[in-house]
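Following: one structure in structure tokens, then a few remarks.
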Amino acid sequence: MATPLFHADLTVHTQSHDYPIVITENAIAENSSMASQVAPYITGRQVLIVTNETVAPLYLKALQEELEAQFTVQVCVLPDGEQYKNQSSINQIYDVLMAVHFNRDVTLIALGGGVIGDMTGFAAASFMRGVNFIQIPTTLLSQVDSSVGGKTGINHPQGKNMIGAFWQPQMVLADMSTLKTLPARELSAGLAEVIKYALIMDAEFLTWLEHNLPAMMALDLAVLGEAVKRCCQYKADVVAQDERESGVRALLNFGHTFGHVIETHEGYGSWLHGEAVAAGMVQAAELSQKIGWLTSDEVACVKRILSLANLPITPPPIEVQTALDLMGHDKKVKHGQIRLILLKSLGEAVLTNDFDPHLLTDVLATHAP
């Protein structure tokens, strides 16, 4: 008896509009019903698919041919990598839109991972002051996190995601089958964001992950699908409460302030985003222990589960002052003070600046050259 394909439907509620998250299998395969799932969310007759040089050979043809039966379809294929998440790539998207005289009736489709999703969303938010877009995330990281919630943007040489907009998609279609073509390193990077949700919101989920990580890393799509569904539901609930990150949504950035320091310092693309977040979560846990919130056993638990996912648990050597300067560019800085997401306990996070700055310096010094 054949194993039934995984399928789940969720809804994200936002001030601008509600939209579905469809988590499924084999949606982008040739002769699939993908177009029937996406087409209802395409307004107008114009479609621009934005993808990259890695994803295009795998999935572009099937998607493009299906949509061409109903729409005028153009394609923009960008280089692959975090180092290309910049204004030059955004201009390439604009150039295609302008060259074919697409207008406000266009729908952009992001076919790729977090970088493609962030850039396509930002292009959609800014082209003609805003057009629709759809997310088709093809990496675990983008399926569980970046494709949901409307954060879009690009990097600046002095800081990650410094330029962007909140712009919600019309739908998110997460095809679990795309994870079969994901390199092991990219899968692990996505697991960092999955583990993040457990650490900040749900200690029971952390226990579930410890038990199920081997199956996830062996590409058991049913188990991966359950993890993606849980993470998307967590994020949808948070976005419904705080769409523009003025409060509780900031907790989703656990590990990211430290992680962005790593990415910016080492050069975009040197460390994958999930790898940097993993090391950053350990640093945040270490600071939480110094404050007196976590025990040494709990910090060891954080390190253990990240190691199980083949993720780094120590950052590269960075001078303390350099790290502090980079943290000063963080979007959570308020009135000149660095605010961090820390753990009160496993499964409970808080955004705070109520800590001795010397404790932060101590954590950074542990890994300084």
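Cβ coordinates come from backbone N, Cα and C, glycine included.
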Have a look through His256, His265 and flag the one Swiss-Prot assigns to the Zn(2+) site that Glu193, His273 belong to. His256
Quick one: of Gly114, Gly117, which of the binding-site residues has the smallest count of other CB atoms within 10 A? Gly114
For Thr178 (NAD(+) binding site), which residues in the same chain are close in space, meaning a Cβ under 8 Å from its Cβ, but six or more apart along the sequence? Ile28, Leu58, Tyr59, Thr138, Thr139
C-beta crowding around Asp80 (NAD(+) binding site), within 10 angstroms: 18
Quick one: of the binding-site residues Glu193, His256, His273, which has its CA closest to the CA of Gly117 (NAD(+) binding site)? His273
